[in-house]
Amino acid sequence: MEPKHDRTMKRIFLIINCILLATGATGGPLIIRLYFIHGGNSVWLSSFLQGAGFPIILIPLSISYIIRRRRRINSTHDDNTKLKMINMKLPLFLYSSIIGVITGLDNYLYSYGVSRLPVSTAALIVASQLAFTAIFAFFLVKQKFTSYSVNAIVLLTLGAGILALHTDGDRPNGESSKTYVMGFVFTLVAAVVYGFILPLVEFSYSKGKQAITYTLVLEIQLVMCFFASLFCLIGMIISKDFQSISREKWHYGLGEASYYVVLVGSAIIWQINFLGAVGVIFCSSSLLCGVLIALMVPITQVLAVIFYKEKFNAEKGVSLVLSIWGFVSYFYGEFKQAKKMMKNPTLVDELPQNQSITNP
Ligand SMILES: Nc1nc2[nH]cnc2c(=O)[nH]1
């Protein structure tokens, strides 16, 4: 059984990553909306920004390297192996780069949907993502379900889905039905793709042929986001978006300086989002990651009411209550499971054993 110190560290890491994911999963869609509603037009630029902040990850990676070097110097054991700056081996690099390209495609589909659809419709489709995550997690990582987690999936999907009941006033003015249908289809495909990406990250942790540490999780994010932004950069070049981007700063509704703040802010917030996501998957599972993202859908709506003065209506209130109920149900199930494991430690052996929190 895991030592008590390891379990406490794992819980602290999980809480930190849940906070990062919650911040990114609400802030990301809000800042994308800020870009589009004030005159931003480039879907490729918006999707590029979702990955482009990856150099930020070099900061925690450098801190991790310094900590490991200090530990090594202070250690009384003789260790002749060279301290590596890069821990990732080829199989994990290949997995991360493939997931990165798929993420680049997803970022484009997701940005396209957010820019073309009414807020409520986009919320409905993003809500379906949790069901896709559950299905792919079942096949890819043999996710086990309890009555509590199934209850949570149904409540959270319903909760966010209720937002779609209220569509008037949300639909962008003067949008053609072709653009609307394309927005719908692209967002739905993005929900399927992201529902696939989350369990695929968990799958790569177990199949990467090396023990996963938090430093390695950071390296995985760096590689993933590098390839995601490369994919979108190529898209930007092919679609000749650069010309329109150089002009749009002059016409941006909030002014030129705010335009740059929105772009840089986007890049940072999406890194926080992905860092939270890969971290929650590392500490717990892709299913919990999906549950948290679904919980953030109605919370984002409430924040949009506060920050963008969007209308608050009964559906948003009911949606929030259902989502919180689903979330509590999930955690109650997890709590009961943890208690069962404390009583019967042999069950712990069924958990993944290739992860280490205490060794960064
Ligand atoms: N499809 C999709 N893409 C994302 N990229 C970052 N977050 C999301 C999300 O919730 N859904």
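Along the chain as shown, the residues are counted starting at 1.
Cβ atoms here come from the backbone N, Cα and C positions, even for glycine.
As recorded in TrEMBL:
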- 12-36: transmembrane segment (TRANSMEM)
- 48-67: transmembrane segment (TRANSMEM)
- 92-110: transmembrane segment (TRANSMEM)
- 122-141: transmembrane segment (TRANSMEM)
- 148-167: transmembrane segment (TRANSMEM)
- 179-201: transmembrane segment (TRANSMEM)
- 213-238: transmembrane segment (TRANSMEM)
- 258-280: transmembrane segment (TRANSMEM)
- 287-308: transmembrane segment (TRANSMEM)
- 314-333: transmembrane segment (TRANSMEM)
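Against the transmembrane segment (122-141), stretch 287-308 shows more Cβ pairs under 8 Å than any other of 48-67, 92-110, 213-238, 287-308. Among the recorded stretches 48-67, 213-238, 314-333, the one sharing the largest number of Cβ pairs closer than 8 Å with the transmembrane segment (258-280) is 48-67. Cβ atoms under 8 Å from those of the transmembrane segment (12-36) belong to residues 46, 50, 111, 114-115, 119, 214, 262-263, 265-266, 269-277, 279-280, 282-284, 289, 292-293, 296, 299-300, 303-304, 307-308, 357 of the same chain, restricted to positions at least 6 beyond its ends. Away from its own ends, the transmembrane segment (92-110) comes close to residues 43-44, 47-48, 50-51, 186-187, 189-190, 193-194, 196-197, 200-201, 204, 207-210, 216, 219-220, 223-232, 235 of its chain (Cβ-Cβ under 8 Å, at least six residues beyond either end). The list of residues near the transmembrane segment (48-67) in space but at least 6 beyond its ends in sequence, with Cβ under 8 angstroms from a Cβ of it, reads 28, 83, 85, 100, 103-104, 107, 110-111, 214-215, 218-219, 221-222, 224-229, 232-233, 235-236, 263, 266-268, 270-271, 274-275, 360. Here the transmembrane segment (179-201) has long-range neighbours at 95, 99, 102-103, 105-106, 109-110, 112-117, 121-122, 125-126, 128-133, 135-137, 139-141, 143, 171, 220, 277-278, 281, 286, 289-290, meaning same-chain residues at least 6 beyond its ends whose C-beta is under 8 angstroms from one of its own.
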